[in-house]
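I have placed the structure first, in the form of structure tokens, so that the comments after it can refer back to it.
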Amino acid sequence: MKFVLLFGVFLVTLFSYSSAEMLDDFDQADEDELLSLIEKEEARAKECTPRFYDCSHDRHSCCRSELFKDVCTCFYPEGGDNEVCTCQQPKHLKYMEKAADKAKKFGGKIKKWFG
């Protein structure tokens, strides 16, 4: 009985050691893969298109404002046949940013009064 118990403990120890080595190998492979993905992402990053500039070349390249990303909006000017695309901020997001800015200022005043 003691022999079976010792043999079982030996097998459990051996199994845990081998699985720990396998996990270390997997973790190292994941870290290497993650680093290569980060390097590719940095290489892919480019300049954003400012507000009211042409974004027809890349409609997802508009810059971020304080809280929200601008949207590439396309339209046909009066009397024109070609489409014009510019980065713009939708009105509802503009109003939300103004409200957030006023709330920040009001919060600062309250903090100054009571803080």
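Cβ atoms are placed via backbone N, Cα and C, with glycine included.
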Cys85: disulphide-linked cysteine among Cys63, Cys74 [source: Swiss-Prot]: Cys74
Disulphide partner cysteine [Swiss-Prot] for Cys87, chosen from Cys48, Cys62: Cys62
Recorded disulfide partner - Cys72, candidates Cys55, Cys63, source Swiss-Prot: Cys55
Subset of disulfide-bonded residues (Cys74, Cys85, Cys87) lying within 10 A of Cys63 (disulfide bond), CA to CA, in sequence order: Cys87
Distance from Cys72 (disulfide bond) back to Cys87 (disulfide bond), taken between C-alpha atoms, in Å: 4
